[in-house]
Amino acid sequence: MPPKKAAANTSAKVTKAPPAMPKSSKTSLLSQIDAFERSHIITGTARKGSTSKVTAPATRAAPKRVAYQPKKEVAEPKATIKKAAPKRAAPKKAITATSSTTTAAKMGTKRKAEEEAEAPPAKKAAVGRKIAPAKKPTAKKTALAKKPAAKKTAPTTKGTKRKVEDEVEAPPAKMAAIAKKIAPAKKPVAKKDATATQTKAAATKKTTSTRKTQTEVPAKKSTAEKPAAATSRKRKATDESAAAPAKKAKVLKKGAVINEPPTERLNVYVFGEGSAGELGLGTSKRAIDVMRPRLNVNLAADKVGVVQVVAGGMHVIALTHDNKILTDTEWDGGLKDVDAAGDDSDEEDDDNGLNPKESTPGEVDFSAVEIAEGARFVQVAAGDSCSFALTDDGRVYGWGTFRGNEGIFGFNPDTEVAKRPVLNTDLKKITSITAGANHALALDSNGAVFAWGSGQQNQLGRRVVERTKLGGLRAREFGLPKGAKKGIVSIVAGSYHNFAIDRTGNVYSWGLNNYGQTGVTENAGEDEALVLKPQVIEALKGKHITSIEGGGHHSLCSTSDGDCLIWGRVDGHQMGIEPNEIAQMGDNAMMKDDKGAPRIIRLPQKVTAIEGAVVHVAASSDHNVVITKEGKAWSWGFSANYQTGQAETEDVEVATMIDNTATRDVRLNGATAGGQFSIVTAGVAG
């Protein structure tokens with residue numbers, strides 16, 4: 001109560017004092033000092049009085065109590081707080097300038113200058129340093145306070161001023177400690193709020209990869225109340241990202257065994273051109289042009305144990321008895337500088353410059369794909385630029401790419417080129433696979449056929465338009481019979497056309513037919529002729545086909561009677577039939593070009609030059625290799641790269657038996673043909 005009375009009594013003195021101050025500006029120095037001392041003595045009571053009038057609502061506000069919090073920490077006496085009152089004049093006048101007169105503002109400025117003149121130099125510096133930084137964090141805190149409650153901004157500022165006044169009165173050591181406590185305490189507030197805002201925004205629209213990043217930084221969890229919701233969202237995202245690997249780690253369970261792998265180990269004989277390393281003979285100079293069949297020591301039956309081998313366009317894929325798949329692999333080495341190496345042609349067995357990993361069979365790396373435990377590979381297939389492998393539980397893996405008329409087409413909708421094997425999830429319970437130049441076929445246990453790859457020549461048995469052509473990279477079933485009675489039992493892919501044999505022995509074909517290679521006579525030989533839907537080859541009904549193969553523009557098959565039948569393009573000696581026999585064929589069986597020369601054989605014709613019953617046939621673009629029941633190999637067609645094994649670069653017009661020391665006393669049992677090379681095989685006991 002006494003302080004209130006004192007404030008009331010001194011308020012009158014304060015009101016009289018201000019007018020006298022401006023008038024004394026030109027008086028003597030002695031009168032100025034006297035006026036200063038009188039004003040200095042009464043300022044405290046005068047300020048209290050004026051404060052109670054102007055800021056009465058502020059004295060009831062909570063921020064007034066905040067001013068005493070640092071006082072309790074520093075444990076300053078009440079007398080010290082009263083002495084700090086003169087310092088409140090300058091800030092208070094600045095804040096309430098709109099409600100004060102111009103004279104009062106001048107008095108506040110003058111008194112502040114007089115007080116600073118009285119203060120010691122050291123204290124002036126300390127006060128200046130403490131007051132200046134204190135206002136900057138106050139502004140930040142005020143800005144933050146406006147978001148939750150805009151009305152409390154003004155009281156918060158006044159409370160902060162009192163904090164500053166208390167700090168000014170504290171000893172220098174204590175003031176330094178207080179400054180350290182206050183400054184760091186305010187900076188994290190802004191960071192926490194910013195972190196909370198970022199976390200809240202991120203929790204609503206970040207992807208899985210972002211969630212992973214959030215999980216990696218758990219240290220930035222906010223302890224404030226407002227970010228609590230964001231923290232809970234963050235935890236939810238963390239839980240989801242932690243659960244994601246569980247799906248990837250799902251073990252692929254092996255299905256029922258529906259296929260059995262071959263068991264007979266094979267010796268592999270290669271011939272033709274190996275400039276791309278397709279013969280698998282290594283880097284020897286003698287490994288490029290092989291005129292007659294040569295045993296590949298890198299695939300020896302007693303050491304490697306190949307049980308199946310298939311030729312692609314310019315590569316080979318093989319399956320071994322111990323569940324390995326071999327083909328050419330990637331090489332990390334560089335290119336050889338031939339000029340720098342000098343002329344070393346005198347060395348007969350020197351390096352031929354081939355990539356050592358492409359020219360030597362290597363194991364395919366399946367480490368990047370899930371394979372069921374205990375699964376075994378049972379069959380392999382190869383196209384021009386792709387390879388496939390089938391497991392005993394009916395799953396299909398593949399790698400490489402398909403090509404279209406414009407170049408690389410893609411391997412699946414998500415991958416342009418698969419450098420490592422990937423599982424084809426569209427296929428299940430598959431019993432057989434085969435590949436053409438740029439497409440593939442698969443047969444399932446129900447007799448249904450699936451096709452995928454490039455369909456620009458209608459190889460897929462379904463129409464593929466330009467705007468949806470990528471849909472061809474998904475394996476899809478199409479119009480062939482299926483089921484226990486009429487389902488398909490055998491499939492074969494030519495370069496751009498296909499064959500399928502059903503349970504009744506009917507042979508279906510579809511795809512490119514510009515040389516009558518499908519065996520369908522309708523529109524055969526017309527430019528861009530296609531067989532859109534699978535059709536039965538009428539000329540093969542009742543023939544009991546045991547083996548069938550498609551080349552580039554021709555096809556051939558073997559029957560249960562041991563005959564080798566062939567049809568399609570003639571002008572590259574693909575038929576293996578004597579020219580005079582072809583000339584005697586009727587117009588219904590043979591088509592001629594504009595000059596009257598034989599161009600196409602429309603109906604299947606027997607290759608009469610072959611001695612013995614044919615049990616297996618193989619074809620590539622323009623040459624053929626067949627195996628007889630007696631274990632002999634016969635070949636004919638285009639031979640510029642020795643792919644016929646006859647040591648001839650001229651076309652072999654008529655089917656001729658392959659005879660050389662490597663195979664003369666060997667009983668051959670299989671053959672496969674690539675782009676410019678061929679392979680024949682024999683059992684270990686052969």
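Note that the numbers count up from 1, one per residue, in the order the chain is shown.
Note that Cβ sites are derived from N, Cα and C of the backbone, with glycine treated the same way.
Database features, via TrEMBL:
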- 1-29: region 'Disordered' (REGION)
- 43-245: region 'Disordered' (REGION)
- 80-91: compositional bias 'Basic residues' (COMPBIAS)
- 266-322: repeat 'RCC1' (REPEAT)
- 268-680: domain 'RCC1-like' (DOMAIN)
- 336-363: region 'Disordered' (REGION)
- 394-446: repeat 'RCC1' (REPEAT)
- 447-504: repeat 'RCC1' (REPEAT)
- 505-561: repeat 'RCC1' (REPEAT)
- 562-630: repeat 'RCC1' (REPEAT)
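Assigned with DSSP, the residues of the repeat 'RCC1' (447-504) fall into helix, strand and coil as follows: 8 helix, 19 strand, 31 coil.
Per-residue confidence over the repeat 'RCC1' (394-446) averages 97 (mean pLDDT, predicted model). Note: the repeat 'RCC1' (266-322) comprises 6 helix, 27 strand, 24 coil (DSSP; helix = H, G, I, strand = E, B). Secondary structure counts, DSSP: the repeat 'RCC1' (562-630) has 5 helix, 30 strand, 34 coil.
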